[in-house]
């Protein structure tokens, strides 16, 4: 499938007088990972619930896997799989029974259900624990089982609501690996997260959600370039060069001890070339040059308005 | 026929839950049997109700058994809701009917098994009913109807509660109701206030109907009231459960 796996326009949802989603537009290309990034209470779960047919939007149109979520609910449900924020596994059933139950609910033939369950248990390293009740699983194992249950139906599009919240670093890495494998095999993944690192690691495109609005969208690099604070750091061999460079580059900040000069700029090729040309014109030797883009944390704080002061003070 | 297949799958799951949840088995079967022993063997001789106490108390204990078994159902239903399990089922297009029916059916089966146990113990302790075959069928009918009504009501409690803990608590009033009915002593012997309450609450006509059938003296009046109460409670429970499910899931 090429083109859009998920397309939403003008999505709105309010509970009584509290507006949760205030006009969201999304476009997720098939076969990619899309991350919806936002702080708690931004509306991430509500967005997932609308995209997965669990909630009806007040306004707007959502097309998932080519079907309208409101009028063609069944077709949408047949194409998607959802793993919610809390591992929705059945604690009293074993890992294997959980998977077989999914196969039964999908009305797969018994033998096929068994085969799929066994394969998923192997793939997610759960074969050894297959006969133990899920209540005895660690947090990471529960999440894996949860995702495995979603995969029994071999969905084209998978929604993961904060898939690694509460996991230890190792389990988180394992989960990332699994998500990458899914996409490599052609699945589209829509995930929500409050971790910038996660969005940065996994996502082809990232949208930043804050108080029900999308405040930015793009690749991780595009987003990083959007906030002020990018700069070029120049290091010189001696005080003389530093003085000369500081004179021709107004607005830069110098560090006499380190013999460095910090030149504000977006770090793009064009401005970098202009900077180098200028230094050449004045025959100033630069020992070392590095481009510093703010990390996603800076972007996040700047875009979600929680730390305007901090950013503008820089 | 997905609804039937899915109900079967959910039923198998809920059945496993009961078998693996010692608390459900204990509250559902051991507690009522102990209560039977306590009321009849320990306290029984102190109550003068005009007939053998085992004969008097057994119908009430049948009902009490139902009420003790429902806590597990309320908690199970609520956990399905709060853990997101029901959302998973909804995205898989499993019908609401399959999910809720399975809970009601398992509750009914569990209660009926427990009632069979309790009745067995009652026989050991001197319960000698004089009901005919037809009257026994009447007893079974009333019991099934009552479990059905209370089952739906419990599912509704479970769906409406915010947490599994409060869901478990919501079942407590139902555990207390039998004590404020004619289950263990006739309403006429209670103090003012309690007596009126006992006379007009739904359990009293249900228990009186069972008692009448078991002693071979059925009363049409109390039977009609009992059936009306059951139908009413079942309807309220069903509609409430449906509305909560729609709102929350």
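Cβ atoms here come from the backbone N, Cα and C positions, even for glycine.
Sequence-distant contacts of the transmembrane segment (B:21-44) (same chain, six or more residues past either end, CB-CB distance under 8 Å): 53-54, 57-58, 61, 64-65, 68-69, 71-72, 110-111, 113-114, 117-118, 121-122, 125-126, 184. Taken from TrEMBL, the feature transmembrane segment covers B:21-44 (among others).
What TrEMBL lists as domain 'ABC transmembrane type-2' is B:23-248.
Taken from TrEMBL, the feature transmembrane segment applies to B:56-77 (among others).
Per TrEMBL, transmembrane segment is recorded for B:98-124 (among others).
The transmembrane segment annotation in TrEMBL covers B:136-160 (among others).
Long-range contacts of the transmembrane segment (B:167-187) within the same chain: residues 39, 47, 49, 57, 59-61, 63-64, 67-68, 70-71, 73-75, 77-78, 150, 153-154, 157-158, 160-161, 194-195, 197-199, 201, 203-204, 207-208, each at least 6 residues beyond the stretch ends and with a Cβ under 8 Å from a Cβ of the stretch. Among the features that TrEMBL reports, transmembrane segment is placed at B:167-187 (among others).
Annotation source TrEMBL lists transmembrane segment at B:220-241 (among others). Beyond the ends of the transmembrane segment (B:220-241), by six or more residues, the same chain brings 100, 138, 142, 145-146, 148-156, 159-160, 202, 205-206, 208-209, 212 to within a C-beta distance below 8 angstroms of the stretch.
Same-chain neighbours of the transmembrane segment (B:98-124): 2-3, 6-7, 9-11, 13-15, 17-18, 24, 28-29, 32-33, 36-37, 40, 54, 58, 61-62, 65-66, 68-70, 72-73, 76-77, 80, 86, 89, 143-144, 147-148, 150-152, 154-155, 158, 241-242, 245, counting only residues six or more beyond its ends whose CB sits under 8 Å from a CB of the stretch.
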